[in-house]
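S.K.: Take this structure first; my questions come after.
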Amino acid sequence: MSEDTQTATENKPDIKPRSRVVTDGIHAAPARGMFRAVGMGDDDFAKPQIGVASSWNEITPCNLSLNRLAQGAKEGVHAGGGFPMQFGTISVSDGISMGHEGMHFSLVSREVIADSVETVMQAERIDGSVLLAGCDKSLPGMLMAAARLDLASVFLYAGSIMPGWVKLEDGSEKEVTLIDAFEAVGACAAGKMSRGDLDRIERAICPGEGACGGMYTANTMACIGEALGMSLPGSAAPPSADRRRDEFARKSGEAVVNLLRLGITARDIMTKKAFENAIAVTMAFGGSTNAVLHLLAIAREAEVELTLDDFNRIGDKIPHLGDLKPFGRYVMTDVDKIGGVPVIMKALLDAGLLHGDCLTVTGKTLAENLASINPPDLDGKILRALDNPIHKTGGITILHGSMAPEGAVVKSAGFDADVFEGTARVFEREQGALDALDNGKINKGDVVVIRYEGPKGGPGMREMLAITGAIKGAGLGKDVLLLTDGRFSGGTTGLCIGHVAPEAVDGGPIAFVKDGDRIRVDIAARSFDLLVDEAELESRKVGWEPLPAKFTKGVLAKYAKLVHSASTGAYCG
């Protein structure tokens, strides 16, 4: 028996499976004394202790609502019969850290978040958790922590930002999101947009609190939280400023106490079938390629075997239905207007494309939740009908071939044609490609190869939104293929292949590409090949040494020593 002795009755789970060691008996007197100082009374020591963890900060709009939502979650915990204990963790804003050295720290923050939540929960022997997050890496970081700890846990998303509205100097008006600013930078640099219009877009893109508005990484991961069963049904889509989120916060607090009473933990919910549901929903929405990386990492924490092959296997059966930015016309608030994530889940379930028997944080199955909500049908515009999809298969494809023996990830929704063959233009890290584009040295038909940006070689597997936005802004979005051992933003558009594995620093084929080589990708065949004679390629390996480490101390140096391949989720350990 562990040191945290449980006292459950024969048929009833203990609602304090861990905290008794700090609340019960004479040896807990020092801990009880500290608890009294933070407001606990005699009656509270019999209640389960619930951690309310959030990545709240004032650096970015993504997280601004989280302190308010944490208060709501605490109210719900009290109402449910528990005692809430609020604590915080970090968050990195990709929108601010994009395109410079700061982006090295983005994916690293996912691990720091998971580790920090685990550290507090384990050190203080807290019984369960409500985990709140708003930015791209904080969502998977929280879900990784939940899976690793395997306690009663509910995840709650901060919510999406409302779209901005801009009137340009030619009199045209349109909705805009953060991604429009990155593309406007490229257009302005190429002389295709005035500085005045760039300024107008800058001032319009973020009208208030919330995460980036399209089906980018944060909204994709919020949909995944709901599809996995780790978030309350219907909680992913309402915008951050909508006070329905406060009610979801209160209900999340009540729900975690109910999970303790039922004896349900995170791994009871995050099963292989649940991950298959999450992949299916991601494919149907046309979600971010970052979902591949994050789902692999979350599954590993849940001790569920998930591989890149699962994404193609499921994607083959799931049509792409969401006409959502970055490739489509609509944003997350539009999804909310037509009923939210339950709409697409109900359609997939009715078509036999989801597992309805998966348990969720309500204590009920996915099918039971959807029957209770009874969401409307797909609207046919924002979310297309199953028999009239945007693409017949999912929006993300895993490629293999001589260019990526361990795999690469492509948002196939961005390709108008299945086949692209072009000439390599090779750059060591992102800045070289940006400089070449600014100087007019990237042309139609080029394959821009950016290497030494992988999990270990970067380190941190930076997102390439600055260069992809600039390529699109320069009018080359459909004519230039970009491939990298780094990542792409959920807002990236164009012809982009990322997560190329093995990465350059590990001696993957990407390390040996030279200017002028021909590279061919065939989306339908899922092939991705370097068209160089094998003997020539082997000769290039003679005497090869990777670029020296860019960081030799601090968190990035530690990360580079611990991180694994993107093909397995870029997990540490």
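Quick reminder: no glycine exception, Cβ is built from N, Cα and C everywhere.
According to Swiss-Prot:
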ACT_SITE  Ser489  active site, proton acceptor
BINDING   Cys62, Cys135, Cys212  [2Fe-2S] cluster binding site
BINDING   Asp94, Asp136, Lys137, Glu463  Mg(2+) binding site
MOD_RES   Lys137  N6-carboxylysine
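Locate each feature and note its surroundings.
M.R.: The Cβ neighbour count for Ser489 (active site, proton acceptor), using a 10 Å radius and every protein chain shown, is 31.
In the three-state DSSP scheme, Cys212 ([2Fe-2S] cluster binding site) falls into the coil class.
Secondary structure at Asp136 (Mg(2+) binding site), as computed by DSSP, is coil. Cβ environment of Asp136 (Mg(2+) binding site): Asp94, Ser106, Ala211, Tyr216, Thr217, Ala218, Met221, Asn290, Gly490 lie under 8 Å away, each six or more residues apart in the same chain.
A C-beta separation below 8 Å, combined with a sequence spacing of at least six in one chain, links Lys137 (Mg(2+) binding site) to Ser91, Val92, Asp94, Ser106, Leu107, Ser109, Arg110, Ile113.
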S.K.: Could you measure between Cys135 ([2Fe-2S] cluster binding site) and Ser489 (active site, proton acceptor) for me? Cα positions, answer in whole angstrom.
M.R.: 12
S.K.: Take the Cβ of Asp94 (Mg(2+) binding site) and count every other Cβ within 10 Å, whichever protein chain it belongs to.
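M.R.: Result for Asp94 (Mg(2+) binding site): 29 neighbouring Cβ atoms inside 10 Å.
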